[in-house]
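Student: This is the structure, below, for whatever I ask next.
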Amino acid sequence: MDAYLVAILTIAGIYVILALALNLQFGLTGLVNFGVVGFFGLGAYASGIATESFHAPFIGGLAVAMATGALAGAALALLCLRLSGDFLAIVTLGFAETVRLIFNNEDWLTGGPKGLLIMTRPVLADFGRTANAWMVLGVVLTGAVLTLALMLRLAGTPYGRVLRAIREDELVPATLGKNVFVYRLQSFVIGSMLMAAAGSLYAHYVQTITPDNFTTPVAILVWMSVIVGGPGNMLGAVVGALAVVTIYEGSRFLTPWLGFLDAEQVSALRFIVIGTALILVIRFRPEGLLPEPRHTPVVPATRRPALKG
Amino acid sequence: MTLLRLQNLRAGYGGGDIVHGVDLEVAPGEMVALVGPNGAGKSTLLKSIAGVAKVTGGTLMLDDKDLVPLSPAARAQAGAAFMPQDRNVFRTLSVSENLSVSAWGCKDIAQRREEVTALLPTMRPYMHKRAGGLSGGQRQMVALAMALMARPRVLLVDEPTAGLSPLLVGEMLDVLHQLAAAATLGILIVEQNARAALERADRALVLVDGRVVRAGSAAVLAQEPDFGALFFGEAA
Amino acid sequence: MQMFINALATAAILAPAAVAFTLIFTLFRYANFAAGGFVTVGAFAAWTLNAPLGLPLWAGGVGAMGVCAGAVALSDRVVFRPLRGRSGGTLLLVSIALSFVIENIIRFGFGAQVKGFDLPLTGPLVFAGLRVPKETLFVIAVSLVATLAVGALLSFTPIGRALRAVADNPSLANVRGLPVPGVEAFGVIVAGALFGLSGTLVGVDLAIDPNLNWAIAIPVIAAAIVGGLGSPLGAAIGAVVIGLAEELTAAHFTPTYKGAVGFVVIALVLLLRPQGLLGIKVDRK
């Protein structure tokens, strides 16, 4: 039981980081990024390749992952950030799918469908299974806490206010002299960098990754975390991620009750419930569990005309 | 015999009332102009008759039929055709298609198109052009023709000359005046160009802050010495 | 030349769904990602009528069109209509979730095994050095007829005109006496029937399984975007373009990357010429 709890908390921690990153992009800045699993996967593979093929330590792998995520995010953003919401979503979705196809196809690099085996773990030394598991959990939770702290910082400061203003109406911040595109770019890149970091943590936790780990259902779970938790509210994203992981993992326990269904069907049923829940939340409580906290509105500094002496 | 009758009509868009109790009548064959300063509520009044703005009080009758419970489409069927100020043609359809689609559910669409084109013959050269490619004046003609396709009893026209050159302003108002007489149509027109409207209309109402401050024969009103003052509520 | 035939076959499968997608986009102003889901519903409906229930294929196809029309109408009423005022991004997110739910409902009901229609085996036609399976010709022919029929419906009939008018300016349509809700319902049903047709055609040429959802959603959307959102003719042409692009990719790179073609095309079009080939500038939310 204990080991299972550690496992769930580790996964939850990773989803918390993903949700926080998406919340920065969508919740604060209004960018509909469906490429979550693309960056997640890039981080995972980049970190794995760095540590396995180039014998970097875990930290090196993490750094490589974050760099890859930031670069990919920047490239994608430069290309298509100017697109409107629905089309940005489609293109980012395409990015994730294409990345996954590349993972599958270029098996000389990634091991293809068979997967990539990762021996390196974020542990000090091998103290046995349980201790290792706790160590990994510790690293993941540290990452989650750091991310949360960073996000709270960003959200609470004038930077966050600008992002929110951009989300509501581009024209107003633009007329106040803010370079809207740069703000969006920064938001997107920070987000994608964090998603890649989560990927690195994930890869070194599960130790075998295949392209099938980075498919749409994962993206839907992350989106659910943000929407259910409350878009724009960082604590909400944490709550949302915890709730979604609990429901998703918890529903495994229903399997004995659903003995009349086969494994395929139970899996499908869980996805049906998740997808429907997402639609229902969007319909009936789009502000999520923890609505966005009201911040004082940005008041442009009034300029007094220079007094003639 | 009154076609359109408003009694103590109040209307708005769901916030407060913009029109505060207006009495108005339009008879068949006459053109009545609604003039007044900006923000007086002229368009709102017209839109409330069309069903686009909300009637909050008073009565609104067309041929002794109560219009208030009817939707805009139903009011169109009942004989009150509304010509909006802008976005008043289907830009992706041809002129001919615009007309056909405005006679939805009618059996004699081709015949009606002929009738309307006879009334507004300047449209003939561009019948098959895409409505979005027309000039402002041409578009207004098409919008008017579309409203006429339903063989309305009363035509509600919202600032048809906005954005048109002075020459076209005169032409448009002349066409409307002729239509009223020829087709025994009642026309209620909101017009910013007060002088031009009063020269062609039979009667007129001056609306200020949602209330009628003057009503009567257009010719008499046009002679009024302090006509401009009316607009600012200075004359009683 | 063989490649060209294959491209046409792909285009034939995509075209009806692409037209349906563009219809929904012009009428309701959002990108309905559940297109893939509806096509899958069509495929499975046709299969259910054909294989276990033993009906001939054409009956299965007609049934599929009916089932899909119902599915699209139901989802519009239950899922999309209540969310009408929301942003395009929200609606897209909901449609992605919906397509996800539909795919898994099908997986729940039918399992993940690949299925095929119960068709008599016929040999391919061989001419001019080409081998063309009869099924492929059938698919191309049916798709062509259907697309032309829908085009004629939109261009020459009163209801088609009304649909174009409502898509152009719904509030003006209302004021001019058009029964807007009825016209929208008609549009939904036509779109649904087209999705059903695509689903049936997919089953003839390819395999039927729940993963169809993803595999087909992107090429369909790409075809509609390339052709220009708002133009059914454009959607049909777009389908041919995508078919060709996929064949070329399979030939010059590996077939695995066929799935990426749609996305790359979408990205290119949106960046270089957002209105596509024949599209009109539409205000989007």
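Using the three backbone atoms N, Cα and C, a Cβ is placed for every residue, glycine included.
Heads up, TrEMBL stuff is auto-annotated, nobody curated it.
If you look up TrEMBL, you'll see A:6-24, A:31-50, A:56-81, A:131-152, A:185-206, A:218-248 marked as transmembrane segment.
Would you situate these features in the structure and describe their surroundings?
Tutor: Away from its own ends, the transmembrane segment (A:6-24) comes close to residues 33, 36, 40, 133-134, 136-137, 140-141, 143-144, 147-148, 151, 154, 163, 187, 190-192, 194-195, 197-198, 201-202, 205, 221-223, 225-226, 229, 231-234, 236-238, 240-242, 244-246, 249 of its chain (Cβ-Cβ under 8 Å, at least six residues beyond either end).
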Student: The transmembrane segment (A:185-206): which same-chain residues, six or more beyond its ends, come within Cβ distance under 8 Å?
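Tutor: Answer is 10, 13-15, 17-18, 20-22, 24-25, 28-29, 31, 33, 35-36, 39-48, 51, 58, 61-62, 64-66, 68-70, 72-74, 76-78, 81, 116, 118, 120-122, 136, 139-140, 143, 147, 154, 163, 213.
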Student: Based on Cβ pairs under 8 Å, which of the stretches A:31-50, A:131-152, A:218-248 lies most in contact with the transmembrane segment (A:56-81)?
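Tutor: Most Cβ pairs under 8 Å with the transmembrane segment (A:56-81) come from A:31-50.
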Student: Who are the chain neighbours of the transmembrane segment (A:218-248) in space, where the CB to CB distance is under 8 Å and they lie at least 6 residues beyond its ends?
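Tutor: Sequence-distant neighbours of the transmembrane segment (A:218-248): 8, 11-12, 15-16, 18-20, 22-23, 26-28, 34, 36-37, 40, 96, 144, 148, 151-152, 155, 164, 270, 273-275, 277-278, 281-282, 286-293.
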Student: What parts of the chain pack near the transmembrane segment (A:31-50), using Cβ distances under 8 Å and only residues at least 6 beyond its ends?
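Tutor: Answer is 18, 21-22, 25, 56, 58, 60-62, 64-69, 72-73, 76, 81, 85-86, 88-90, 92-93, 95-100, 103, 109-110, 116, 118, 184, 187-188, 191-192, 195-200, 202-204, 209, 211, 213-216, 218-219, 222-223.
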